[in-house]
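Everything below concerns the one structure shown next.
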Amino acid sequence: MNALKKFLGIIWMVTGPLAMAFLIVQAIQKVGLTHTDIERTNTILQWAIILFIFFPISIGLVIFGFYAVKGEYDKLPSSSEEI
Amino acid sequence: MSETLPKNNIFKVIGASSLGTLIEWYDFYIFGSLAVIIGHQLFPEDAGASALINTLAIFAAGFIVRPFGALVFGRLGDLIGRKYTFLLTLVLMGGSTFFIGLIPSYRSIGYAAPILVLILRLIQGLALGGEYGGAATYVAEHAPKNRRGFFTSWIQTTATLGLFLSLGVIVITKNLLGAETFGNWGWRIPFLLSIVLVVVSIYIRMKMHESPMFSKLKAEGNISKNPLKESFNNKGNFKMVLLALFGATMGQGVIWYTGQFYAQSFLENTCKLDFNDSRYILLWGIAFATPFFVIFGAWSDKVGRKWIMLSGMLLGIIFYRPIYQIFLDDTDFTKIEKNDILSSSPTTKSILIEGTQDSLKTVTTKVLLKNGASFNIIQADTVSVTKGLLPVKEIMKDKVLPTAVFWKFVGLIFFQILLVTMVYGPIAAFLVELFPTKIRYTSMSLPYHIGNGVFGGLVPFIATLIASFAGATPLSGLWYPIGIAALSLVIGTVYLSNKRDENIND
């Protein structure tokens with residue numbers, strides 16, 4: 001199980017930047033498809049919100065993966081005293 | 001627990017905590033339940049679908065700032081105590097809800113209207129971010145160790161009951177005033193009513209005592225000096241915050257908001273169900289499913305929290321698409337035969353378009369079917385003096401379902417809310433047991449509000465956005481909650497422990 005935790009850790013470390021790259025490509029594509037001024041402003045606003053929120057979360061996923069690779073989750077604390 | 005510390009009756013503690021939390025959820029959800037009407041009030045009349053998406057974005061903004069509220073008020077809660085912190089959040093929430101009810105429309109003050117509402121919505125989000133962690137911590141710190149899941153599950157019912165109350169108040173107000181008056185100014189009443197509920201809740205909470213564990217820490221001089229630093233600078237604690245977020249609260253959040261919020265939005269905006277029908281279906285579903293929060297909370301005291309929560313996510317991943325396909329199929333009235341129609345009565349209305357000699361001709365045909373269903377077909381044509389008749393596409397809306405289909409939909413919503421009770425019933429106890437007393441308010445609030453507030457709260461916004469892409473189907477929006485729940489399920493299965501921490505007094 002610990003080997004699986006570490007292997008998946010690598011997946012999470014890769015997933016974070018990949019997810020962000022996917023969102024950025026989607027944002028550029030969708031903003032490019034809009035025509036009028038108000039429609040374009042709305043689309044930029046919507047995608048700005050999404051990117052603003054998910055950027056720090058994707059960093060969190062990378063850190064989570066890093067901890068997993070380092071074996072930090074191999075044994076979870078059995079009480080909050082061990083944290 | 002020290003003998004000199006005040007001992008609250010646990011049911012009084014639950015009652016007082018739950019009532020305030022329920023009111024905060026009520027305040028938070030009326031905005032989402034009225035998104036379509038508020039969109040018309042806050043944005044130009046010709047904004048169309050972007051008015052709804054922008055209103056959902058303002059609605060989502062309240063969710064996005066919840067983690068910041070968790071940090072600010074969580075810190076306060078770990079420094080000055082649970083009781084006074086969630087009194088403050090209640091005042092902020094009630095005040096901002098009341099003021100949303102007073103904001104003039106776009107026609108009166110232009111874009112100042114959505115900006116003011118956005119600011120008030122942000123305050124609502126900050127307040128809610130501080131509220132929930134406090135209430136859950138407060139109850140858990142009063143509960144006996146082997147019944148923590150059961151007692152905290154009462155707090156878990158409040159979010160759903162807050163939604164129930166908001167829907168109920170909206171339906172009653174609309175039926176009393178009529179659709180037109182409600183659309184003009186009646187929608188403000190549910191917001192204004194909040195101030196009465198908040199005053200009652202403040203009165204009750206003023207009589208509560210501080211949490212015994214926090215009082216003990218305070219008496220011993222062991223209160224955290226910098227809970228933010230201790231929560232997130234300590235690697236041992238921070239890694240548990242990340243695990244709680246990715247392995248539990250993220251999946252829980254999307255299951256919650258798909259079953260209880262996106263479902264209603266889908267029925268109303270995609271299936272074009274009647275305003276009352278879409279809300280009655282949800283009200284019945286909530287009424288039948290709410291007791292299961294307590295059942296799953298109590299069960300988690302016996303079998304552990306992990307597998308109950310993860311089973312809820314798995315069932316959502318498997319069944320969401322089939323359920324929403326049924327919603328679409330059963331509300332598709334385009335294939336009805338002529339002999340299915342009982343009556344069909346058109347009414348025509350013409351209004352002059354301001355500043356032109358053209359007019360807008362609207363033909364509304366009310367169609368009644370033999371099986372008890374009904375719907376309106378709306379054809380709005382522009383009659384131009386120079387170009388003649390400019391027809392637009394017919395819209396079928398205000399669909400009222402036949403009784404059998406109505407109850408089938410109630411069953412499908414009930415099932416979705418049952419999944420919500422599985423993921424949400426045990427999660428307060430799960431989070432409380434993960435973190436030590438002196439930084440508990442701060443540490444558990446952050447993953448909860450990112451998972452529930454950000455991942456979950458964005459479900460209506462992101463799913464509606466995905467469904468509006470070129471080439472998307474009405475079910476495409478579901479890939480967002482399904483994908484997030486799947487990720488959380490894998491992480492939770494591999495990394496979470498099912499063992500309960502019996503001693504949280506540390």
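Glycine is no exception: its Cβ is also placed from the backbone N, Cα and C atoms.
Annotations in TrEMBL come from automatic prediction, not curation.
Fair warning: this is a prediction, and the values are worked out from it, not measured in the lab.
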Given B:24-43, B:84-103, which one carries TrEMBL's transmembrane segment label? B:84-103
One stretch in B:49-72, B:84-103, B:279-300, B:307-327 has more Cβ pairs under 8 Å to the transmembrane segment (B:150-173) than the rest, namely B:279-300
Looking at the transmembrane segment (B:406-432) and the transmembrane segment (B:279-300), are there 3+ C-beta pairs under 8 A, with each pair at least 6 apart in sequence? yes
Of B:49-72, B:279-300, B:307-327, B:453-472, B:478-496, whichever stretch has the most CB pairs under 8 A to the transmembrane segment (B:240-259): B:478-496
Top stretch by Cβ pairs under 8 Å to the transmembrane segment (B:307-327) (candidates B:49-72, B:109-129, B:279-300, B:453-472, B:478-496) is B:478-496
Which sequence positions outside the transmembrane segment (B:49-72), separated from its termini by at least 6 residues, show Cβ-Cβ distances below 8 Å to it? 28, 31-32, 35-36, 38-40, 42-43, 89, 114, 117-118, 121-122, 124-130, 133, 228, 269, 442, 445-446, 448-450, 452-454, 456-458, 460-461, 464-465, 468
